[in-house]
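Some notes on the structure that comes next.
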Amino acid sequence: MSNERVLICGVDEAGRGPLAGAVYAAAVILDPQHPIPGLADSKTLSEKKRDMLAIEIKQHALAWTIASCSAEEIDEINILQASLLAMKRAIDQLTIMPTQVLVDGLHCPGIAIPAQGIVKGDSKVQEIAAASILAKTARDHEMVEMHARYPQYDFAKHKGYPTAHHLRLLAEHGACEIHRRSYAPVKKVLGLV
């Protein structure tokens, strides 16, 4: 019997659907000695609850990292590849090497560690739920910062997602530097379709 400690790393991304901003990924190794109550898929939590849990995760996890791929990278390699690259970057930055990586969804990044995709993993696996919370809060924070740079797009409100409000502002002001030019609504505004 092996004495090797099993270290599960949960990985998830945030921001595949928005028309603007980076896609974020987080990798989290939770400490079994410090369980964090209330972990759940970030999409089911209020912003306030996500922010509180993100602080707890950062304080109590054995290791955590957050990485991203820019809108420009998304346009160059497509959103799936950019999501996987952000995940790989997050895993590569870990200070502790996990024994297994569990990823939300079907696709796993190309890494040397055994990895498994779990559909709806953010609602089934605590480590993935923790990663989903860190990725979502980091991305939301970035979009609030982008709101300060580009107030005419109201990014703090819709976080770059293709809401009717965002689409109207996009049509009114055109695309800015952080809009994803490979996405159909942005292409339409730029006259590329």
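Every residue gets a Cβ built from N, Cα and C, even glycine.
Record features (Swiss-Prot):
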DOMAIN    6-193  domain 'RNase H type-2'
BINDING   ASP12, GLU13, ASP104  divalent metal cation binding site
CB within-chain contacts under 8 A for ASP104 (divalent metal cation binding site), separation at least 6: GLY10, VAL11, ASP12, GLU13, GLY117, ILE118, LYS120, GLY121, ASP122, ILE128, ALA131, SER132
Shell of the divalent metal cation site beyond ASP12, GLU13, ASP104, same chain only (C-beta within 8 angstroms of their C-beta centre): VAL11, ALA14, ALA25, ALA26, SER83, MET87, VAL103, GLY105, GLY121, ASP122, ILE128, ALA131, SER132, ALA135
Cβ-Cβ neighbours of GLU13 (divalent metal cation binding site) (radius 10 Å): 29
